[in-house]
Amino acid sequence: MSHGPLDDDAVESYREAGAVLVEAMNEARSMVEPGRSQLEVAEWVEDFVRESGAGLAFPVNLSVDAEASHATPSRDDETEFGEEMVCLDVGVHVDGYIADAAVTVDHTGSVELVEAAEMALEAAIDEAGPGVEVGVVGKAIEDVIRGYGYTPVLNLSGHGVERYDAHTGPNVPNRGVDRSVELQPGQAVAIEPFATDGRGKVGEGTDEEIFELERDKSVRDRRARQVLEEIREFDDLPFAARWLPDDRAGMALRRLKQANVIKGYPVLKEADDALVSQAEHTLLITDDGVEVTTAGIHGFDD
Ligand code: CO
């Protein structure tokens, strides 16, 4: 995919998506507290985004303790937050232009683990710019997290976003690998350091609540066909099973997955079952630097 300079409408849409995200995030983070329903928080954010006239780039991720990513409540989920570490990851789009950002809310007393991810993100933003190798950004992330005595999650990385595509190149590693790919003006990039006191590797869990249309082709089963029609409304972006209109969708989703029409995003969990923190911003790479479209959610933003 080639990148020219972004046109003004695209830049404006990226900024609008970021502004909606920041407003939602700053309210939602204060809702994440012991005894509160996870589903209530997820739906509050998702309703807020839709009522703002924006769209969801993916379902609200509420990844708890050793979970790093891809966890979202199921339909009628009654799980409440406890004394936990919660990574709150939100994706908003305006006209397909995506803002992706995350904060960690800590109720475990592990303030430094949260700070490690945030300071790593700040260092990465300071380093990023046109012509900068992604490995150099990764090294900045790794150095900060190791400086705190923690380990970056090595098999998760930041990523580009493009119109109606929440996950594309360039890959921005969370460690100092020797990678000569350079950031280019016109790219939008989500940088997301994860820090852990475990070994720094995530594996796939069994829970799966987030899916994405992969290959739109006809299916025999009538119910699966109806569900596929509903899935087409999600603009090829990831969606939550609970967004489908009723709970009979479960079997249809399994059929669509078997037929490779959709793919699932299993919850990613730290291999040692250790706590994971996350901090994320979306940046536009400009001709002479970067513009953070989601500024205003981390302490270092101002
Ligand atoms: Co994100």
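Cβ coordinates are placed from backbone N, Cα and C, and glycine is handled just like the others.
TrEMBL annotations: computationally assigned, not manually curated.
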Do you know which of ASP77, ASP100, ASP288 TrEMBL groups with ASP89, GLU280 in the divalent metal cation 1 site?
ASP100
TrEMBL records ASP100, HIS159, GLU280 as divalent metal cation 2-binding residues. Which of GLU67, GLU192, GLU204 is assigned to the same site?
GLU192
For HIS167 (substrate binding site), find which of the binding-site residues ASP89, HIS159, GLU192, GLU280 come within 10 Å, Cα to Cα.
HIS159
Between the Cα atoms of ASP100 (divalent metal cation 1 binding site) and HIS70 (substrate binding site), what distance do you get, rounded to the nearest Å?
13
Around HIS70 (substrate binding site), which of the listed binding-site residues (ASP89, HIS159, GLU192) come within 10 Å, judging by Cα atoms?
ASP89
Rounded distance in angstrom between the Cα atoms of GLU192 (divalent metal cation 2 binding site) and ASP89 (divalent metal cation 1 binding site):
10
With the cut-off set at 10 Å between Cβ atoms, which of these binding-site residues ends up with the most neighbours? Options: HIS70, HIS159, HIS167.
HIS70
Per 10 Å Cβ neighbour count, which of the binding-site residues ASP89, GLU192, GLU280 ranks highest?
GLU192
